[in-house]
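Q: Got a structure for you, questions after.
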């Protein structure tokens, strides 16, 4: 019989660990803690929290420059109202998508479910093999991978994104795709408005086209253009790779590891329907879909995964 350490290394190399005839609690290291209860997801990772705050600050900076530097001083009321409404709508959708991607459970496998009772409930056939993660003490479903930052196994884990301080997985990939899409649209919109503002100010007097002094207005808009260009490049690439991943039913981890699919692939529209939920509709673009406002009872836990809020 293999030692506990050997058995754990086998799991990390994706070799079978448990079968229907094995006792998951025998010779498998420390006892598993009780499984987690459903809760609102939040990761206490310093780098991720800083990146998330920086993301919000940059978006709000763009909103500040567009509204106060470009639109409000404009002589055309309709130009200011229409563009202000559209731009702020995109900002709200982008930030809402970011919050949903950050605070949604990405598909975490319950901790500590590698127990004999859970094994019995699976009703495994004789000789059928399952996998156990030695790090979070859970039975790993197919296509699940362990995240060292979230300290959990995540179903269909694509990658861990510090900008949303969360993994991108089975349950929140849709919100991450919407976040990248809306940020890309905001970036294009901000670049167009900046070019129009520069053109208008060059043809007219600078003092008449903005309430800020010319040097301050130029610096604010130049920084906005640089920010928008960098955000546009990043989000377009991420949006494209995510759509390709969904259409091919292959996560980034599976692609990098060159894992051969052992599952029935849902490609193209079937994959899009599975991620966004149902047939194509305008609800695909709504980050508020499925959001239920309930009274949140804050519960501090001692888990390393961070603070969780009971729902």
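Backbone N, Cα and C atoms are what each Cβ position is placed from, and that goes for glycine too.
Please treat TrEMBL annotations as automatic predictions, because they have not gone through curation.
So TrEMBL lists the following for this protein:
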- 132-258: domain 'Palmitoyltransferase DHHC' (DOMAIN)
- 1-30: region 'Disordered' (REGION)
- 47-71: transmembrane segment (TRANSMEM)
- 77-96: transmembrane segment (TRANSMEM)
- 175-196: transmembrane segment (TRANSMEM)
- 216-239: transmembrane segment (TRANSMEM)
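Let's see these features in context: how buried, what's close, how far.
A: The average pLDDT computed for the domain 'Palmitoyltransferase DHHC' (132-258) is 90.
Counting only same-chain residues 6+ beyond the ends of the transmembrane segment (47-71), those with a CB under 8 A from a CB of the stretch are 79-80, 83-84, 87-88, 91, 94-95, 98, 102, 149, 162-166, 183, 186, 189-190, 193-194, 197, 210-212, 217, 220-221, 224, 227-228, 231.
Residues 56, 59, 62-63, 66-67, 71, 178-179, 182-183, 185-186, 189-190, 193, 285, 287-288 of the same chain lie 6 or more positions beyond the ends of the transmembrane segment (77-96) yet place their CB under 8 Å from a CB of it.
Taking Cβ pairs closer than 8 Å, the transmembrane segment (216-239) reaches residues 58, 61-62, 65-66, 69-70, 177, 180-181, 183-184, 186-188, 190-191, 194, 197-198, 201, 206, 210 in its own chain, all 6 or more past its ends.
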Q: Count the residues of the domain 'Palmitoyltransferase DHHC' (132-258) that DSSP assigns to helix (H, G, I), to strand (E, B) and to coil, and report the three numbers in that order.
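A: The breakdown for the domain 'Palmitoyltransferase DHHC' (132-258) reads 75 helix, 19 strand, 33 coil.
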